[in-house]
Amino acid sequence: PIEHADLSYAPNVPPPITREHPVRLRVDMEAYPRVMPIDELNKFEFWTFNGAVPGPMIRARVGDVMDIKFTNRDESGMQHNLDFHAVTGPGGGAPLTTSDLNETRFTHFKLLRPGLFIYHCAVDPVGMHIGTGMWGLILVEPQEGLSPADKEFYVVQSDFYTEDKPIEGSDVLDFSMEKGIAEKPTYVVFNGRVGALQNEGTLKAKQGDRIRIFFGNAGPNLVSSFHTIGMIFDKVYREGDLVSPPARHVQTTLVPAGGAVVMEFD
């Protein structure tokens, strides 16, 4: 059977998978730049998947065949592609998805291993494509699925490298390769911008809810030492490993650039 993936955008998560059989999972992705706020005063030309940073979260089941339709809409002429850390083989699929302007590539991958994985653009210079927002998460559920949760959230940390002043005559900051190479970020943020998880973006749950956070660190450079003040993680599935028993009662968990973790409050 064929299903269209129910993609979601941070901090929202696609609904849990209830089927007990694999499918051909159709995933439609486009790459194009989009100018959006990065803080209260400045904007940034993000390079995006489907116009969002992070890109959409994909939820699949081990054994699914993921059918990818990938189109490059970047008018600058820059090539783009998709490197799925959930996919084994050359480039995680990047060579098969590399696209020029207005080119659409069709390919498919069988998802053999459960876990929470990063995906990103892997066109050179890779650090620039990641450093401008081309990344997201793919969850591959084990055959037995995941235990029920009252609330699930999608959060990705990343570091952005910009020039100190906006491009002349605008409020748009340009990417700084010099800062990126020096690993001196202008911003280290959750979900693509300063304050994304504050005010109207606050992650809300009720007392007693079972909460699950799908957390990634897109980098491209810095590690994440993730801690919630005043709380202890009841379960941590380190490095996105959904097969091994989780660590219990963890105060802070370390997530490398290009890695992911699942955390639960019971």
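Yeah, the Cβs are placed from backbone N, Cα and C, and that goes for glycine too.
Database features (TrEMBL):
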DOMAIN    43-144  domain 'Plastocyanin-like'
BINDING   H80, H85, H120, C121, H129, M134  Cu cation binding site
Sequence-distant neighbours of M134 (Cu cation binding site) in its chain (C-beta under 8 A, six or more apart): A31, W47, T48, F49, G55, H80, H120, C121
Among H80, H85, H120, H129 [binding-site residues], residue with fewest other Cβ within 10 Å: H85
Segment-level pLDDT (mean, integer) for the domain 'Plastocyanin-like' (43-144): 98
Number of helical, extended and coil residues in the domain 'Plastocyanin-like' (43-144), per DSSP: 14 helix, 45 strand, 43 coil
